[in-house]
Number of protein chains: 2
Amino acid sequence: MNYPNGKKPSQQLKKVGSSRTSFSNRGMTLEEDINETNLFYLHSNKAIIHKKPTPVQIVKVDYPKRSAAVIKEGYFKQASTTDYNGIYRERYIDFEAKETKNKTSFPLANIHEHQISHMLSICNHGGICFMIIRFAVHDETFFVPAVKLFPYWESQYNGGKKSIPYNKIKEAGELIPFKYQARVDYLTIIDQLYF
Amino acid sequence: MNYPNGKKPSQQLKKVGSSRTSFSNRGMTLEEDINETNLFYLHSNKAIIHKKPTPVQIVKVDYPKRSAAVIKEGYFKQASTTDYNGIYRERYIDFEAKETKNKTSFPLANIHEHQISHMLSICNHGGICFMIIRFAVHDETFFVPAVKLFPYWESQYNGGKKSIPYNKIKEAGELIPFKYQARVDYLTIIDQLYF
């Protein structure tokens, strides 16, 4: 897999640090912000949304006496679904979150084919499915409904671009408000778009 | 945590082998049967239900040149939710699966407090939440709605039993039919109970 900036996805989620001009995010990664938001939703009983654990292929495990089992050899597996799912207002919620340092576009190499298939199925089964895309340099986080992504995904195989321009994301998506307790308050967007 | 037969939950899911009197399950574990069932549901576009990856605390990772990252030290974490979730007929589905070798009762030590809290929340938010419990010796697999479990869970703290008698599970639950392609065909029970 060829990542746009030569980095692995996990590295792309790392904090941007001093390049940030706004203090609103205090250098937290998108993943950290979403996890905090989900915890706030959970504790305030608004929604039950969890990040799925990173899938690991476990090859070798040691069982030392009187202490916990230790994984001695394991490998990262590619996730076959999106990272987050759960329930909100009786509806099934499913999404993926990606952060990019790119200023002008979101590279489609950030998404995998099977994630797109999964999102398409979720839409067909009546779930609420979307992506949260952060442009770190602009310090903007967008809620992009999955149905708005599919045409861009398809067009790359028909001579189209390998990325979605920033201004198209701005058009297709909704800017997610930053709040103190819900740092990426995506439920407010779900309220607007789906209820 | 004190497991009833001195084994860890993962070991309890291992196959029963020659003690089985029926050929229907061919020595497959409940987890394997459910994974196959979910794959059948997925491929036939009936439902999208996945098992969550085992949560692992990764401590040390090696990055050898020209090959995949290797996890050199990791530990198993306790799951904070149930193992399976997804969407069926536009509804949010959430369940846990446990197999016991016990003949006369299902030991509550197989479930964790935070899993019960999670299931309670899912019910309150309008999800379809249940447990799949297999009595390996009887070769019977039951669908037990979460709401039927809660009273047993509560009563153990008020001098009640630390297990649910087999005959009570039979009363509270529904026997899940075994089918060739859907080895644990729990969606048929969901159709009966929730639609």
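Note that Cβ sites are derived from N, Cα and C of the backbone, with glycine treated the same way.
Record check: TrEMBL places B:Thr81, B:Asp83, B:Gln115 at the Mg(2+) site, and the matching candidate among B:Glu96, B:Glu99, B:Glu140 is B:Glu96. Each residue contributes its Cα atom, and for B:Lys98 (site 'Transition state stabilizer') and B:Gln115 (Mg(2+) binding site) these two points are 13 Å apart. Around B:Asp83 (Mg(2+) binding site), the same-chain residues at least 6 positions away in sequence with a Cβ under 8 Å from its Cβ are B:Lys51, B:Lys52, B:Phe95, B:Glu96, B:Ala97. Less than 8 angstroms from the CB of B:Thr81 (Mg(2+) binding site) sit B:Lys52, B:Asp94, B:Gln115, B:His118, each of them six or more residues away in the same chain. Take the mean position of the Cβ atoms of B:Thr81, B:Asp83, B:Glu96, B:Gln115, the recorded Mg(2+) site; other residues of that chain with a Cβ within 8 Å of it are B:Ala79, B:Thr82, B:Tyr84, B:Asp94, B:Phe95, B:His118, B:Met119.
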